[in-house]
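Enquirer: A single structure is presented below for examination.
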Amino acid sequence: LAASNTVLSKQHSVQKATTAKRLCVVEFGDLVQIKKQLISVISLLALFEDAQDLDALGLAKSYFDLKEYDRAAYFLRGCCSQKAYFLYMYSRYLSGEKKKDDETVDSLGPLEKGQVRNEALRELRVELSKKHSAGELDGFALYLYGVVLRKLDLLKEAVDVFVEATHALPLHWGAWLELCNLVTNIEMLKSLSLPDCWIRDFFMAHMYTELQMIKEALQKYQSLIEAGFSKSTYIMSQIAVAYHNIRDIDQALALFNELREQDPFRVENMDTFSNLLYVRSMKPELSYLAHNLVEIDKYRVETCCVIGNYYSLRSQHEKAALYFQRALKLNPRCLGAWTLMGHEYMEMKNTSAAIQAYRHAIEVNKRDYRAWYGLGQTYEILKMPFYCLYYYRKAHQLRPNDSRMLVALGESYEKLSQHVEAKKCYWRAYSVGDVERMALLKLAKLHEQLNESDDAAQCYIIYIQDIFSCGEQLEHAEVSTALRYLGQYYFKNKLYDEASLCAQRCCDYNDAREEGKALLRQISQVRDQTESSTTDLPLQPLFGEPQLFHVYV
């Protein structure tokens with residue numbers, strides 16, 4: 001009897017456990033069904049909202065496409081859906097921008113143009129901030145809120161809102177690009193809390209390119225190619241732009257030519273391609289590109305910039321400036337057009353207009369080193385070295401390994417009689433790879449002015465070795481200057497063999513031939529009078545391996 005009771009109790013407990021499991025399954029199944037029903041109801045409500053606003057949204061969208069922004073906003077006043085609200089606010093924003101552009105065209109001078117503002121921005125900010133505090137903004141509305149904050153120069157708040165927009169709608173590339181324009185350095189980039197999405201890698205690669213971190217950018221793009229974007233023309237164009245930024249012109253030109261073969265009707269980035277053709281003075285190729293883009297779309301910003309570069313290469317600077325102005329009418333925030341127009345005004349000796357153009361470029365993007373460098377050159381023409389120093393420093397901060405910025409900085413320091421800093425800049429320019437082969441020459445001349453003859457001679461020796469090793473000795477006029485100085489230096493130090501070699505080399509150049517002959521005669525007279533007794537000096541032979549004479553870094 002006890003055994004049978006035990007069996008019955010076990011069966012009863014098993015039945016209870018089975019019943020409990022069935023109840024749990026039933027309850028869990030009910031919860032899943034309830035969740036699905038709730039989702040369907042919510043989606044139906046959203047569709048109902050959209051359906052309610054469908055007619056007004058369609059009408060307003062038609063007016064919006066016709067650029068009648070006030071009419072579009074008027075017919076969307078009472079709409080409740082997220083789409084309608086975004087279009088309503090965006091229409092009001094663009095209406096204010098359009099009125100601002102009209103006032104800018106009608107204004108008389110640059111001072112008045114700088115005072116023209118979008119009057120709708122403050123109202124939009126108040127309304128959007130209320131919605132934002134209540135958490136009622138979707139990804140598109142957050143993007144618009146960020147744009148409004150940026151326009152009002154509330155940059156910190158704008159960054160936070162754009163980050164929020166990328167979380168709400170990760171695939172909206174416009175929000176990423178706006179965020180890109182506000183990031184100023186790598187520390188700020190690392191501090192951002194970005195969504196973990198595949199498009200983040202595109203943003204990081206783009207950001208590395210903007211911050212002149214070309215090695216990291218190329219690695220990122222290579223990883224994207226390996227991840228499945230091998231046929232992306234966007235990635236190819238960005239890699240070409242990266243090579244353009246580090247002045248690897250041959251590689252950039254090869255990539256752009258390949259891009260043109262794969263996508264012959266592409267207009268994006270062709271202005272950068274034209275910059276490369278301009279630097280290489282490739283007139284036929286630039287002419288063909290300009291004509292081809294005119295056939296594709298003559299009213300694109302890139303087309304106007306390419307035509308402007310073509311006229312600039314032909315030294316028709318007035319026409320070039322005209323086409324850059326056309327580009328800016330199409331897109332007032334076109335960075336390249338502002339910078340290139342500043343260059344054209346510099347060519348026309350219109351310094352005030354050049355300064356204005358460069359300042360506009362900096363307003364569009366403070367990371368544009370060309371605009372900072374252009375401002376430095378402009379103030380150099382105006383003989384204002386303190387201003388030059390400030391702008392060249394800004395350019396150098398953006399391009400720390402660009403020898404042109406360092407040479408310009410050295411020249412500014414030299415004009416301000418800050419010779420120690422000038423020496424450091426010239427030597428640093430030589431160390432990072434002197435593009436124009438002028439840093440050592442300027443350093444040698446500075447030593448010469450300061451009566452530091454040994455250091456000047458060392459600089460001239462390394463300069464001549466570099467020129468001769470590249471086979472450019474007949475193209476560089478300054479070689480004769482270096483040879484002249486070294487000939488006199490060796491003669492004074494009674495190193496007659498080296499002095500004779502320098503004098504003979506001087507005879508190869510028209511501007512130094514007579515001095516070379518005169519030095520040879522002096523050497524001959526001295527040798528005839530007495531036997532040469534040279535003293536050992538810490539100088540290497542002229543064409544031997546250079547020794548380090550000072551570490552200026």
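The backbone N, Cα and C atoms fix where each Cβ goes, and this holds for glycine too.
Predicted automatically and left uncurated, TrEMBL annotations should be read as such.
The domain 'Cdc23' annotation in TrEMBL covers 50-240. What TrEMBL lists as repeat 'TPR' is 301-334, 335-368.
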Enquirer: Determine the mean pLDDT over the repeat 'TPR' (335-368), rounding to the nearest whole number.
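Expert: PLDDT averaged over the stretch: 91.
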Enquirer: Take the repeat 'TPR' (335-368) and find every residue of the same chain, 6 or more past its ends, with a Cβ under 8 Å from one of its Cβ atoms.
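Expert: Here the qualifying positions are 110, 181, 184, 210-211, 271-272, 275, 301, 304-305, 308-309, 312, 317-318, 320-321, 324-325, 327-328, 374-375, 377-378, 381-382, 398.
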Enquirer: Could you count the residues of the repeat 'TPR' (301-334) that DSSP puts in helix, in strand and in coil?
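Expert: Helix/strand/coil tally for the repeat 'TPR' (301-334): 27 helix, 0 strand, 7 coil.
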